[in-house]
């Protein structure tokens with residue numbers, strides 16, 4: 001019994017000694033989070049506005065290779081085989097370079113030009129052709145145009161002009177001012193332009209009050225006048241009698257004065273599409289003009305076919321309010337005997353193309369219409 005007790009005490013002593021000899025395990029310390037850097041407070045400056053001119057414009061194109069002409073502006077191109085021409089178009093230019101005196105044809109379209117400095121044109125007195133389409137020109141200094149006596153063609157389409165430029169050269173033959181913001185025509189601005197053949201003022205802001213009885217005074221040889229896409233309610237007064245082509249589409253014209261076209265012996269082409277014309281606003285024989293060849297009256301409020309000349313070749317009456325058509329009534333030569341199939345076409349009406357679709361008509365084409373207009377090649381209903 002005593003020996004068993006001694007053995008038990010010895011075993012406990014051995015276990016206690018072994019436990020004291022082992023190292024004590026400590027828990028691993030968790031990594032501390034890195035301190036976040038403190039952001040300095042940003043001062044509250046006002047936000048800048050959207051970029052405005054000229055910062056919103058693309059950069060000008062780099063200069064091209066050296067030219068064979070020492071006076072050629074680096075930002076332009078001077079073709080060796082065409083020494084009188086200067087091409088500065090589509091180069092993101094803000095300013096007009098100095099134009100050499102040898103230049104007759106100047107191309108500056110598709111840029112960001114806002115003005116025409118006098119210094120740029122002081123030597124270019126022989127210019128005949130200037131193309132400034134699609135720029136940002138708001139006004140033309142009359143001192144520039146006064147120094148260009150040989151100018152024949154002036155293109156200023158797609159700019160920001162608010163009035164027709166003054167001091168236009170006397171020898172001008174074509175003046176193109178479409179797609180601007182023009183709402184004013186200075187008095188007498190055309191008075192010295194006897195050589196002008198074409199005047200294009202479409203897509204502007206011209207109203208009836210702009211046109212006075214003397215607005216077109218001086219345009220003795222004008223052949224083409226384009227006033228389409230404006231805000232006219234009346235026919236313009238005192239249009240030059242030499243006119244051949246008259247464009248008045250997309251206005252708000254409601255009526256044509258009696259005998260309005262009688263004073264135009266050379267008028268061959270009329271466009272009055274997209275207006276507000278009705279039978280009440282069309283006096284009898286309004287379009288019965290001896291030299292008229294093409295007449296556009298589509299997209300109006302016309303309910304009957306107007307009287308036409310026997311020389312008319314193309315008639316557009318589509319998209320109106322026409323319900324019926326009587327060939328006997330509209331026949332210029334008042335043909336009654338439809339049994340006459342004579343081959344003599346000397347006095348037969350010249351109408352070759354007739355468009356009537358978009359009305360209230362239904363096929364077939366009336367027989368009396370075909371008997372009158374025997375030269376018809378196409379009828380659209």
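Quick reminder: no glycine exception, Cβ is built from N, Cα and C everywhere.
Sequence annotations record features per position, and here Swiss-Prot assigns signal peptide to 1-21.
Look at Swiss-Prot and you will find 56-65 tagged as compositional bias 'Pro residues'.
Marked as repeat 'LRR 1' by Swiss-Prot: 94-113. Taking the repeat 'LRR 1' (94-113) as a whole, pLDDT averages 98 in the prediction.
Taking DSSP states H, G and I as helix and E and B as strand, the repeat 'LRR 2' (114-137) has 4 helix, 3 strand, 17 coil. The repeat 'LRR 2' feature in Swiss-Prot is assigned to 114-137.
The N-linked glycosylation site feature in Swiss-Prot is assigned to 123 (among others).
Under the heading repeat 'LRR 3', Swiss-Prot lists 138-161. Within the chain carrying the repeat 'LRR 3' (138-161), a Cβ under 8 angstroms from the stretch's Cβ atoms is held by residues 104, 109, 114-118, 121-122, 124-132, 167-182, 200, all 6 or more beyond its ends.
Annotated repeat 'LRR 4' per Swiss-Prot: 162-182, in sequence order. Residues 133, 138-140, 142-143, 145-146, 148-156, 189-190, 192-206, 226 of the same chain lie 6 or more positions beyond the ends of the repeat 'LRR 4' (162-182) yet place their CB under 8 Å from a CB of it.
Among the features that Swiss-Prot reports, repeat 'LRR 5' is placed at 183-206.
Residues 178, 183-185, 187-188, 190-201, 238-240, 242-253, 266, 271 of the same chain, all 6+ positions outside the repeat 'LRR 6' (207-232), place their C-beta atoms under 8 angstroms from a C-beta of that stretch. The repeat 'LRR 6' feature in Swiss-Prot is assigned to 207-232.
DSSP labels the residues of the repeat 'LRR 7' (233-253) in these numbers: 0 helix, 3 strand, 18 coil. Under the heading repeat 'LRR 7', Swiss-Prot lists 233-253.
Helix, strand and coil counts from DSSP across the repeat 'LRR 8' (254-277) read 4 helix, 3 strand, 17 coil. Summarising the annotation, Swiss-Prot assigns repeat 'LRR 8' to 254-277.
Annotation comment: Swiss-Prot describes 278-302 as repeat 'LRR 9'. If one looks beyond the repeat 'LRR 9' (278-302) by at least 6 residues along the same chain, the residues whose Cβ comes under 8 Å of a Cβ in the stretch are 249, 254-262, 264-272, 308-309, 311-322, 332, 355, 358.
Under the three-state DSSP scheme, residue 288 (N-linked glycosylation site) falls in the coil class. The Cβ neighbour count for residue 288 (N-linked glycosylation site), using a 10 Å radius and every protein chain shown, is 16. Sequence annotations record features per position, and here Swiss-Prot assigns N-linked glycosylation site to 288 (among others) based on sequence analysis.
Per Swiss-Prot, the feature repeat 'LRR 10' maps to 303-322. Nonlocal intrachain contacts for the repeat 'LRR 10' (303-322), taken as residues 6+ away from its ends with a CB within less than 8 angstroms of a stretch CB, comprise 273, 278-279, 282, 284-297, 330, 332-333, 347-361, 380.
Taken from Swiss-Prot, the feature N-linked glycosylation site covers 319 (among others). Proximity of residue 319 (N-linked glycosylation site) to non-local residues of its own chain (separation of 6 or more, Cβ distance below 8 Å) is seen for 298, 299, 300, 357, 358, 359, given in sequence order.
Swiss-Prot lists 323-361 with the feature repeat 'LRR 11'.
Here the C-alpha separation of residue 123 (N-linked glycosylation site) and residue 326 (N-linked glycosylation site) works out to 66 Å.
When Cβ neighbours within 10 Å are tallied across all protein chains shown, the highest count among the glycosylation sites 123, 326 belongs to 123. Within its own chain, the repeat 'LRR 7' (233-253) is flanked in space by residues 202, 208, 211-217, 219-227, 260, 263-277, 296, which lie at least six positions past its ends and keep a Cβ under 8 Å from the stretch. The Cβ of residue 331 (disulfide bond) lies under 8 Å from the Cβ of 349, 368, 372, 373, each of these being in the same chain and 6 or more residues away along the sequence.
Counted with DSSP, the repeat 'LRR 6' (207-232) comes out as 3 helix, 3 strand, 20 coil.
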